[in-house]
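What follows is a set of notes on a single structure, which appears directly below.
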């Protein structure tokens, strides 16, 4: 009944940086060619939402509708959309996959260039405009997803169709944090059995790295965090040892080198802190150690180390969305979840509603939650 019509619904709008979100009645325009309008049922909060709200994102535009880790049902589709239809269960993905660009054709990457020129500036490709407005004022999109809304419009290349049996209040997490951690291990680092792994930052992504490392057969999984309370939870995800840098006089990389007979085989930085990125590289074993940057640093920051670290055989890499090609591989991750081969439920510590979104951001900042899932229509 709503097809082709403007839908008015509730959404949490970020009017300016560092201010609480406000629940507004938002008009959501119908999808244009190659666009999909989705009824979002559940969305989770990720640190990237807080990072952009905090004004640290070079691509952050205001006012906008944040949110990028979600699940829902297709409400309608624009002209030319063939891969999904109304009623399909889907996960929107900020990491598009068109299947045609040189990135998509390469097995070496999951980055897709098709809609990046639009999603990077908060609009849609078809007309370089937004599909959201409040009282006639346009509201920018965020990461091509904008899931803190009861309805959103996304490019068709950014929609993964998933198994209808999957519980949407759980698999919404497969839109960002969990695949990012698992894929950093499986796709980017390609951790082998028997490896020693170090993980800096034990939030959702760090724990997903631990889970991925455990399933890859790592022999030691060392968790590093300045909050010692995180160790108990981390054990459930595969972390075998814990170090709090605050408990040591020596630099953390030296502490790790001493504990591992020269360093780790793989390290993962899951914080977005450039000085920690250096420690993560330098705790790697000479000759073969690989460090993967997973965390997103604030705009304008630079990484540094001595070239000798790389000359003597260490490798520095980065990853986005764990190297997973979204439309082809998110459905596979959902199947793995349904077969109980990967954890998802265990990352969810809080369940709130969209109306309580500012409370959810507070929990995130206090470090009291892993993932908080919001019921968008309650």
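From the backbone N, Cα and C atoms, a Cβ is placed for every residue, glycine too.
Taken from Swiss-Prot, the feature N-acetylalanine applies to 1, supported by experimental evidence. When secondary structure is read from DSSP and collapsed to three states, residue 1 (N-acetylalanine) falls in the coil class. In this chain, no residue six or more apart from residue 1 (N-acetylalanine) has a CB-CB distance below 8 Å.
Annotation source Swiss-Prot lists Zn(2+) 1 binding site at 46, 68, 69, 176, citing similarity to another entry. Around residue 69 (Zn(2+) 1 binding site), the same-chain residues at least 6 positions away in sequence with a Cβ under 8 Å from its Cβ are 43, 44, 45, 46, 147, 172, 173, 175, 176, 177, 371. DSSP gives residue 69 (Zn(2+) 1 binding site) a strand state.
What Swiss-Prot lists as NAD(+) binding site is 47, 201-206, 225, 230, 294-296, 319-321, 371. Every protein chain considered, the tally of other Cβ atoms within 10 Å of the Cβ of residue 321 (NAD(+) binding site) stands at 22.
Annotation source Swiss-Prot lists alcohol binding site at 48, 68, citing similarity to another entry. A C-beta separation below 8 Å, combined with a sequence spacing of at least six in one chain, links residue 48 (alcohol binding site) to 57, 68, 143, 176, 296. Classification of residue 48 (alcohol binding site) by DSSP places it within a helix.
The Zn(2+) 2 binding site annotation in Swiss-Prot covers 98, 101, 104, 112 and is backed by similarity to another entry. According to its DSSP assignment, residue 104 (Zn(2+) 2 binding site) is helical. On its own chain, residue 104 (Zn(2+) 2 binding site) has 97, 98, 112, 114, 325 as residues at least 6 apart in sequence with a Cβ closer than 8 Å to its own Cβ.
Around residue 295 (NAD(+) binding site), the C-beta neighbours below 8 angstroms that are at least 6 residues distant in the chain are 201, 205, 269, 270, 271, 272, 273, 276, 277. Taking a C-beta cut-off of under 8 Å and a sequence gap of six or more, residue 202 (NAD(+) binding site) has these contacts in its own chain: 210, 223, 224, 225, 227, 230, 231, 233, 234, 239, 270.
Distances between the Cα of residue 101 (Zn(2+) 2 binding site) and those of the binding-site residues 204, 206, 321 are shortest for 321. Each of the binding-site residues 47, 204 was scored by how many other Cβ atoms lie within 10 Å of its Cβ, and the smallest score goes to 47.
Cβ contacts within 10 Å of residue 112 (Zn(2+) 2 binding site), excluding its own Cβ and spanning all protein chains shown: 23. The C-beta environment of residue 206 (NAD(+) binding site), restricted to residues of the same chain at least 6 apart in sequence and closer than 8 Å, consists of 181, 199, 200, 223, 225, 234, 268, 270.
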